[in-house]
Amino acid sequence: MKLLSVLALSATASSVLGASIPVDTRAEKFLIELAPGETRWVTEEEKWALKESGQDFFDITDEEVGFTAAVAQPAVAYPTSIRHADAVNAMIATLSKENMQRDLTKLSSFHNRYYKSDYGKQSATWLQQQVQAAITASGANRYGAKVASFQHNFAQHSIIATIPGRSAEIVVVGAHQDSINGRSPMTGRAPGADDNGSGSVTILEALRGVLQDQTIVQGKAANTIEFHWYAGEEAGLLGSQAIFANYKQTGKKVKGMLNQDMTGYVKGMLDKGLKESFGIITDNVNANLTKFIRMVITKYCQIPTIDTRCGYACSDHASANRNGFPSAMVAESPIDLLDPHLHTDSDNISYLSFDHMIQHAKLVVGFVTELAK
(Lines of atoms letter the chains of each structure in order from A and count residues from 1; the text may use other names and numbers.)
(Lines give C-alpha, C1' and ligand atoms only; values in the text may rest on other atoms or scores of the structure.)
Protein backbone atom coordinates (compact mmCIF):
# COMPACT_ATOMS: atom_id res chain seq x y z
CA MET A 1 0.00 0.00 0.00
CA LYS A 2 1.32 3.43 -0.86
CA LEU A 3 1.77 6.00 1.89
CA LEU A 4 -0.85 8.16 0.18
CA SER A 5 -3.48 5.48 0.85
CA VAL A 6 -2.46 5.35 4.50
CA LEU A 7 -2.76 9.12 4.77
CA ALA A 8 -6.20 9.06 3.18
CA LEU A 9 -7.41 6.49 5.69
CA SER A 10 -5.94 8.53 8.55
CA ALA A 11 -7.68 11.66 7.33
CA THR A 12 -11.03 9.83 7.18
CA ALA A 13 -10.61 8.46 10.67
CA SER A 14 -9.63 11.90 11.97
CA SER A 15 -12.82 13.49 10.68
CA VAL A 16 -14.98 10.73 12.12
CA LEU A 17 -13.40 10.89 15.57
CA GLY A 18 -13.42 14.65 15.87
CA ALA A 19 -9.80 15.10 14.79
CA SER A 20 -8.58 13.14 17.79
CA ILE A 21 -6.08 11.24 15.61
CA PRO A 22 -3.20 13.34 14.21
CA VAL A 23 -2.90 13.35 10.42
CA ASP A 24 0.48 12.67 8.82
CA THR A 25 0.94 15.41 6.23
CA ARG A 26 4.29 14.24 4.92
CA ALA A 27 4.78 14.03 1.17
CA GLU A 28 3.88 10.79 -0.59
CA LYS A 29 6.91 8.56 -0.98
CA PHE A 30 7.85 5.94 -3.53
CA LEU A 31 10.15 2.93 -3.28
CA ILE A 32 12.68 2.90 -6.09
CA GLU A 33 15.40 0.44 -7.08
CA LEU A 34 18.56 2.04 -8.48
CA ALA A 35 20.55 -1.21 -8.88
CA PRO A 36 19.87 -4.85 -8.02
CA GLY A 37 19.00 -4.86 -4.32
CA GLU A 38 19.67 -1.13 -3.87
CA THR A 39 16.38 0.51 -2.87
CA ARG A 40 15.40 3.89 -1.46
CA TRP A 41 12.23 5.72 -0.41
CA VAL A 42 11.94 9.08 -2.19
CA THR A 43 9.42 11.83 -2.80
CA GLU A 44 8.14 12.60 -6.29
CA GLU A 45 10.42 15.65 -6.43
CA GLU A 46 13.40 13.49 -5.49
CA LYS A 47 12.51 11.07 -8.28
CA TRP A 48 12.68 13.86 -10.85
CA ALA A 49 15.93 15.18 -9.39
CA LEU A 50 17.47 11.74 -9.79
CA LYS A 51 16.14 11.51 -13.34
CA GLU A 52 17.61 14.87 -14.29
CA SER A 53 20.97 13.87 -12.82
CA GLY A 54 21.02 10.88 -15.18
CA GLN A 55 20.09 8.24 -12.59
CA ASP A 56 17.48 5.78 -13.87
CA PHE A 57 15.46 3.48 -11.63
CA PHE A 58 12.51 1.14 -11.27
CA ASP A 59 9.63 2.49 -9.19
CA ILE A 60 8.69 -0.70 -7.31
CA THR A 61 6.20 0.84 -4.86
CA ASP A 62 3.33 -1.25 -6.19
CA GLU A 63 5.32 -4.41 -6.79
CA GLU A 64 3.72 -7.61 -5.50
CA VAL A 65 4.98 -8.79 -2.13
CA GLY A 66 7.43 -11.63 -2.65
CA PHE A 67 8.39 -10.62 -6.21
CA THR A 68 11.81 -11.92 -7.20
CA ALA A 69 13.64 -10.35 -10.10
CA ALA A 70 15.07 -12.74 -12.68
CA VAL A 71 18.83 -13.14 -12.43
CA ALA A 72 19.56 -15.55 -15.30
CA GLN A 73 19.22 -14.95 -19.03
CA PRO A 74 16.39 -17.04 -20.51
CA ALA A 75 17.64 -19.83 -22.79
CA VAL A 76 15.83 -19.11 -26.05
CA ALA A 77 16.94 -20.22 -29.52
CA TYR A 78 16.71 -17.66 -32.31
CA PRO A 79 16.95 -18.07 -36.09
CA THR A 80 20.50 -18.03 -37.42
CA SER A 81 19.55 -17.15 -40.99
CA ILE A 82 17.13 -14.86 -42.79
CA ARG A 83 14.01 -16.75 -43.90
CA HIS A 84 11.41 -14.20 -45.00
CA ALA A 85 13.25 -11.64 -47.12
CA ASP A 86 10.61 -11.35 -49.83
CA ALA A 87 7.82 -10.79 -47.34
CA VAL A 88 9.81 -8.30 -45.26
CA ASN A 89 10.97 -6.30 -48.27
CA ALA A 90 7.37 -6.06 -49.49
CA MET A 91 6.31 -4.67 -46.11
CA ILE A 92 9.24 -2.27 -45.95
CA ALA A 93 8.25 -0.84 -49.32
CA THR A 94 4.99 0.39 -47.76
CA LEU A 95 6.60 2.35 -44.90
CA SER A 96 5.90 6.07 -45.10
CA LYS A 97 7.91 8.97 -43.69
CA GLU A 98 4.90 11.16 -44.38
CA ASN A 99 2.75 9.02 -42.08
CA MET A 100 5.37 9.23 -39.36
CA GLN A 101 5.70 13.00 -39.67
CA ARG A 102 1.93 13.45 -39.56
CA ASP A 103 1.56 11.22 -36.51
CA LEU A 104 4.49 12.77 -34.65
CA THR A 105 3.23 16.29 -35.37
CA LYS A 106 -0.03 15.40 -33.66
CA LEU A 107 1.51 13.40 -30.81
CA SER A 108 3.94 16.20 -29.93
CA SER A 109 1.17 18.83 -30.08
CA PHE A 110 -0.30 17.74 -26.74
CA HIS A 111 0.90 20.13 -24.00
CA ASN A 112 2.64 17.14 -22.47
CA ARG A 113 2.07 13.41 -22.16
CA TYR A 114 2.76 13.29 -18.44
CA TYR A 115 1.43 10.05 -17.00
CA LYS A 116 -0.71 11.69 -14.30
CA SER A 117 -2.16 14.46 -16.45
CA ASP A 118 -5.30 14.75 -18.54
CA TYR A 119 -2.98 15.41 -21.49
CA GLY A 120 -1.34 12.04 -20.90
CA LYS A 121 -4.74 10.40 -20.94
CA GLN A 122 -5.85 12.29 -24.05
CA SER A 123 -2.69 11.46 -25.97
CA ALA A 124 -3.00 7.77 -25.08
CA THR A 125 -6.60 7.78 -26.27
CA TRP A 126 -5.61 9.40 -29.57
CA LEU A 127 -2.75 6.94 -30.06
CA GLN A 128 -4.99 3.96 -29.39
CA GLN A 129 -7.42 5.27 -32.00
CA GLN A 130 -4.63 5.29 -34.60
CA VAL A 131 -3.71 1.71 -33.71
CA GLN A 132 -7.34 0.63 -34.02
CA ALA A 133 -7.61 2.38 -37.39
CA ALA A 134 -4.56 0.49 -38.68
CA ILE A 135 -5.99 -2.85 -37.56
CA THR A 136 -9.41 -2.13 -39.03
CA ALA A 137 -8.01 -0.88 -42.34
CA SER A 138 -6.04 -4.11 -42.77
CA GLY A 139 -9.03 -6.34 -42.00
CA ALA A 140 -7.02 -8.11 -39.30
CA ASN A 141 -9.82 -7.51 -36.80
CA ARG A 142 -11.86 -10.11 -38.68
CA TYR A 143 -9.23 -12.71 -37.72
CA GLY A 144 -8.96 -11.76 -34.06
CA ALA A 145 -6.51 -8.85 -34.07
CA LYS A 146 -7.39 -6.22 -31.49
CA VAL A 147 -6.12 -3.30 -29.44
CA ALA A 148 -6.84 -2.90 -25.74
CA SER A 149 -6.10 -0.48 -22.93
CA PHE A 150 -4.01 -1.71 -20.00
CA GLN A 151 -5.18 0.41 -17.09
CA HIS A 152 -3.00 1.68 -14.24
CA ASN A 153 -3.63 3.56 -11.00
CA PHE A 154 -2.83 6.84 -12.77
CA ALA A 155 -4.48 8.70 -15.63
CA GLN A 156 -2.55 7.44 -18.64
CA HIS A 157 -3.13 3.88 -19.84
CA SER A 158 -0.78 1.59 -21.72
CA ILE A 159 -1.82 0.17 -25.10
CA ILE A 160 -1.47 -3.41 -26.35
CA ALA A 161 -2.18 -4.40 -29.96
CA THR A 162 -2.40 -8.15 -30.51
CA ILE A 163 -2.20 -10.04 -33.80
CA PRO A 164 -2.87 -13.71 -33.02
CA GLY A 165 -0.66 -16.41 -34.50
CA ARG A 166 -0.78 -20.18 -34.52
CA SER A 167 0.90 -20.37 -31.11
CA ALA A 168 0.51 -18.36 -27.91
CA GLU A 169 4.23 -17.53 -27.82
CA ILE A 170 4.54 -13.76 -28.18
CA VAL A 171 6.91 -11.52 -30.12
CA VAL A 172 6.77 -8.04 -28.57
CA VAL A 173 7.80 -4.62 -29.84
CA GLY A 174 7.42 -1.76 -27.38
CA ALA A 175 7.90 1.98 -26.97
CA HIS A 176 6.94 4.35 -24.19
CA GLN A 177 4.38 7.00 -25.05
CA ASP A 178 4.71 9.43 -22.12
CA SER A 179 6.83 12.58 -22.02
CA ILE A 180 8.16 14.85 -19.29
CA ASN A 181 9.56 18.32 -18.72
CA GLY A 182 12.36 17.76 -16.25
CA ARG A 183 12.06 21.23 -14.72
CA SER A 184 8.28 21.15 -14.36
CA PRO A 185 7.04 17.55 -14.61
CA MET A 186 3.44 18.15 -13.58
CA THR A 187 2.51 21.10 -15.78
CA GLY A 188 5.45 21.98 -18.04
CA ARG A 189 5.34 21.85 -21.82
CA ALA A 190 6.85 18.54 -22.93
CA PRO A 191 6.38 17.86 -26.66
CA GLY A 192 8.56 14.75 -26.35
CA ALA A 193 9.07 14.53 -30.11
CA ASP A 194 12.16 12.37 -29.78
CA ASP A 195 11.62 11.07 -26.23
CA ASN A 196 9.61 9.12 -27.06
CA GLY A 197 7.22 10.30 -29.70
CA SER A 198 9.74 9.06 -32.24
CA GLY A 199 9.69 5.50 -30.95
CA SER A 200 5.91 5.55 -30.59
CA VAL A 201 5.27 6.54 -34.21
CA THR A 202 8.10 4.31 -35.45
CA ILE A 203 6.40 1.20 -34.14
CA LEU A 204 2.99 2.49 -35.23
CA GLU A 205 4.21 2.77 -38.82
CA ALA A 206 5.91 -0.63 -38.50
CA LEU A 207 2.57 -2.07 -37.36
CA ARG A 208 0.96 -0.70 -40.52
CA GLY A 209 3.71 -2.33 -42.55
CA VAL A 210 3.38 -5.70 -40.84
CA LEU A 211 -0.38 -5.60 -41.43
CA GLN A 212 0.23 -5.57 -45.19
CA ASP A 213 1.14 -9.26 -45.00
CA GLN A 214 -1.91 -11.49 -45.41
CA THR A 215 -0.33 -14.45 -43.67
CA ILE A 216 0.07 -12.32 -40.56
CA VAL A 217 -3.29 -10.57 -40.96
CA GLN A 218 -5.13 -13.89 -41.19
CA GLY A 219 -3.53 -15.27 -38.03
CA LYS A 220 -1.34 -17.78 -39.85
CA ALA A 221 2.03 -16.63 -38.52
CA ALA A 222 3.79 -19.12 -36.27
CA ASN A 223 3.73 -16.83 -33.24
CA THR A 224 1.48 -14.15 -31.82
CA ILE A 225 2.63 -10.55 -32.32
CA GLU A 226 2.13 -7.70 -29.86
CA PHE A 227 2.88 -3.99 -30.16
CA HIS A 228 3.03 -2.13 -26.82
CA TRP A 229 2.92 1.58 -25.99
CA TYR A 230 3.85 2.00 -22.33
CA ALA A 231 2.55 4.63 -19.91
CA GLY A 232 4.63 6.15 -17.13
CA GLU A 233 8.11 5.16 -18.31
CA GLU A 234 9.69 8.39 -17.12
CA ALA A 235 8.39 7.81 -13.57
CA GLY A 236 10.21 4.49 -13.20
CA LEU A 237 9.08 2.14 -16.00
CA LEU A 238 5.61 1.90 -14.47
CA GLY A 239 3.57 0.73 -17.47
CA SER A 240 6.01 -1.87 -18.75
CA GLN A 241 6.64 -3.22 -15.25
CA ALA A 242 2.92 -3.75 -14.71
CA ILE A 243 2.48 -5.49 -18.05
CA PHE A 244 5.45 -7.83 -17.81
CA ALA A 245 4.73 -8.63 -14.15
CA ASN A 246 1.22 -9.59 -15.27
CA TYR A 247 2.66 -11.75 -18.06
CA LYS A 248 4.94 -13.48 -15.58
CA GLN A 249 2.10 -14.10 -13.13
CA THR A 250 -0.22 -15.48 -15.82
CA GLY A 251 2.41 -17.72 -17.42
CA LYS A 252 2.66 -16.01 -20.78
CA LYS A 253 5.58 -16.93 -23.02
CA VAL A 254 7.53 -14.10 -24.65
CA LYS A 255 9.94 -15.18 -27.37
CA GLY A 256 11.58 -11.78 -27.51
CA MET A 257 10.94 -8.09 -26.82
CA LEU A 258 12.48 -5.22 -28.82
CA ASN A 259 12.35 -1.76 -27.25
CA GLN A 260 12.36 1.44 -29.32
CA ASP A 261 13.15 4.47 -27.16
CA MET A 262 14.29 7.55 -29.14
CA THR A 263 14.74 6.84 -32.85
CA GLY A 264 15.15 10.20 -34.60
CA TYR A 265 18.26 12.20 -33.63
CA VAL A 266 21.49 11.84 -35.61
CA LYS A 267 23.22 15.22 -35.24
CA GLY A 268 25.23 14.10 -32.23
CA MET A 269 26.90 11.37 -34.28
CA LEU A 270 27.46 13.53 -37.34
CA ASP A 271 28.99 16.35 -35.28
CA LYS A 272 31.50 13.83 -33.91
CA GLY A 273 32.45 12.71 -37.40
CA LEU A 274 30.69 9.36 -37.00
CA LYS A 275 28.48 7.66 -39.53
CA GLU A 276 24.76 7.65 -38.88
CA SER A 277 24.29 4.40 -36.94
CA PHE A 278 22.05 2.43 -34.63
CA GLY A 279 23.03 2.30 -30.96
CA ILE A 280 22.97 -1.37 -29.92
CA ILE A 281 22.44 -1.65 -26.17
CA THR A 282 24.67 -4.37 -24.72
CA ASP A 283 23.90 -4.27 -20.98
CA ASN A 284 20.83 -5.68 -19.22
CA VAL A 285 19.68 -7.35 -22.45
CA ASN A 286 19.55 -10.89 -23.82
CA ALA A 287 22.77 -11.54 -25.73
CA ASN A 288 21.29 -14.12 -28.12
CA LEU A 289 18.34 -11.88 -29.00
CA THR A 290 20.72 -8.99 -29.61
CA LYS A 291 22.79 -11.19 -31.93
CA PHE A 292 19.63 -12.01 -33.89
CA ILE A 293 18.80 -8.30 -34.14
CA ARG A 294 22.25 -7.57 -35.58
CA MET A 295 21.52 -10.09 -38.34
CA VAL A 296 18.18 -8.39 -39.07
CA ILE A 297 19.85 -4.97 -39.27
CA THR A 298 22.53 -6.24 -41.65
CA LYS A 299 19.87 -7.65 -43.98
CA TYR A 300 17.18 -4.98 -43.97
CA CYS A 301 18.75 -1.67 -42.92
CA GLN A 302 21.23 0.63 -44.65
CA ILE A 303 23.18 1.95 -41.66
CA PRO A 304 25.77 0.32 -39.38
CA THR A 305 25.71 -0.23 -35.62
CA ILE A 306 27.68 1.03 -32.65
CA ASP A 307 27.68 -0.84 -29.34
CA THR A 308 26.70 1.21 -26.29
CA ARG A 309 25.52 0.78 -22.70
CA CYS A 310 22.59 2.53 -21.06
CA GLY A 311 22.69 1.35 -17.45
CA TYR A 312 20.23 -0.23 -15.05
CA ALA A 313 16.51 0.46 -15.61
CA CYS A 314 17.25 2.83 -18.48
CA SER A 315 14.12 1.97 -20.47
CA ASP A 316 11.26 -0.48 -20.83
CA HIS A 317 13.23 -3.50 -22.08
CA ALA A 318 14.59 -3.65 -18.52
CA SER A 319 11.09 -4.47 -17.24
CA ALA A 320 10.88 -7.48 -19.54
CA ASN A 321 14.37 -8.56 -18.52
CA ARG A 322 13.55 -8.17 -14.81
CA ASN A 323 10.54 -10.46 -15.19
CA GLY A 324 12.54 -13.16 -16.95
CA PHE A 325 11.68 -12.38 -20.57
CA PRO A 326 14.40 -11.97 -23.24
CA SER A 327 14.66 -8.36 -24.34
CA ALA A 328 16.81 -6.01 -26.39
CA MET A 329 17.02 -2.33 -27.22
CA VAL A 330 18.23 -0.41 -30.25
CA ALA A 331 18.52 3.37 -29.83
CA GLU A 332 19.01 6.23 -32.27
CA SER A 333 22.73 6.53 -31.45
CA PRO A 334 25.30 5.71 -28.78
CA ILE A 335 23.86 6.78 -25.42
CA ASP A 336 26.36 9.60 -24.94
CA LEU A 337 25.22 11.17 -28.23
CA LEU A 338 21.46 11.05 -27.68
CA ASP A 339 19.25 14.06 -28.34
CA PRO A 340 20.26 16.78 -25.83
CA HIS A 341 16.77 18.31 -25.93
CA LEU A 342 15.10 15.39 -24.14
CA HIS A 343 12.99 16.28 -21.08
CA THR A 344 12.74 19.93 -22.18
CA ASP A 345 10.19 22.07 -24.01
CA SER A 346 12.61 22.06 -26.96
CA ASP A 347 12.25 18.36 -27.79
CA ASN A 348 10.76 19.21 -31.17
CA ILE A 349 10.39 17.55 -34.57
CA SER A 350 12.75 20.07 -36.16
CA TYR A 351 15.76 18.26 -34.68
CA LEU A 352 14.80 14.83 -36.00
CA SER A 353 15.58 12.78 -39.10
CA PHE A 354 12.66 10.83 -40.53
CA ASP A 355 15.12 8.98 -42.76
CA HIS A 356 16.70 7.63 -39.57
CA MET A 357 13.30 6.79 -38.12
CA ILE A 358 12.47 4.80 -41.25
CA GLN A 359 15.60 2.73 -40.62
CA HIS A 360 14.21 1.90 -37.18
CA ALA A 361 10.83 1.02 -38.71
CA LYS A 362 12.58 -1.34 -41.14
CA LEU A 363 14.32 -2.98 -38.19
CA VAL A 364 11.00 -3.46 -36.38
CA VAL A 365 9.31 -4.99 -39.43
CA GLY A 366 12.24 -7.33 -39.97
CA PHE A 367 12.43 -8.28 -36.30
CA VAL A 368 8.73 -9.07 -36.01
CA THR A 369 8.47 -10.99 -39.27
CA GLU A 370 11.65 -13.05 -38.97
CA LEU A 371 10.80 -14.00 -35.38
CA ALA A 372 7.05 -14.48 -35.65
CA LYS A 373 6.31 -15.70 -39.16
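Each residue, glycine too, has its Cβ placed from N, Cα and C.
Keep in mind it's a predicted model, so treat the numbers as computed, not measured.
Copied from Swiss-Prot, the annotated features are:
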- 1-18: signal peptide (SIGNAL)
- His176, Asp195, Asp261: Zn(2+) 1 binding site (BINDING)
- Asp195, Glu234, His343: Zn(2+) 2 binding site (BINDING)
- Asn196: N-linked glycosylation site (CARBOHYD)
- Asn288: N-linked glycosylation site (CARBOHYD)
- Cys310-Cys314: disulfide bond (DISULFID)
- Asn348: N-linked glycosylation site (CARBOHYD)
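Take the mean position of the Cβ atoms of His176, Asp195, Asp261, the recorded Zn(2+) 1 site; other residues of that chain with a Cβ within 8 Å of it are Ala175, Gly192, Asn196, Gly199, Glu233, Glu234, Met262, Ser315, Asp316. Asn348 (N-linked glycosylation site): 16 other CB atoms within 10 A of its CB, across all protein chains. Cα proximity to Asn196 (N-linked glycosylation site) (within 10 Å) is found for none of the recorded positions Asn288, Cys310, Cys314, Asn348. When the recorded positions Asn288, Cys310, His343, Asn348 are screened for a C-alpha within 10 angstroms of the C-alpha of His176 (Zn(2+) 1 binding site), no residue qualifies. Between the binding-site residues His176, His343, the minimum number of other C-beta atoms within 10 Å of a residue's C-beta occurs at His343. The Cβ centroid of Asp195, Glu234, His343 marks the Zn(2+) 2 site; residues of that chain outside this set whose Cβ lies within 8 Å of it are Lys51, Asp178, Ser179, Ile180, Gly182, Ala190, Gly192, Asn196, Leu342, Asp347, given in sequence order. Ranking the binding-site residues Asp195, Asp261, His343 by Cα distance from Cys314 (disulfide bond) puts Asp261 first. Highest Cβ count within 10 Å among the glycosylation sites Asn196, Asn288: Asn196. Per Cα geometry, Asp261 is the residue among the recorded positions Asp195, Asp261, Asn288 nearest to Cys310 (disulfide bond). Rounded to a whole number, the distance between the Cα atoms of Asn288 (N-linked glycosylation site) and Asp261 (Zn(2+) 1 binding site) is 20 Å.
Nearest by CA distance to Asn348 (N-linked glycosylation site), out of the recorded positions Asp195, Glu234, Asn288, is Asp195. Cα distances from Asp195 (Zn(2+) 1 binding site) to the recorded positions Glu234, Asn288, His343 are smallest for His343.
Within the same chain, the residues at least 6 positions away from Glu234 (Zn(2+) 2 binding site) whose Cβ sits under 8 Å from its Cβ are Lys51, Tyr115, His176, Asp178, Ser179, Ile180, Pro185, His343, listed in sequence order.
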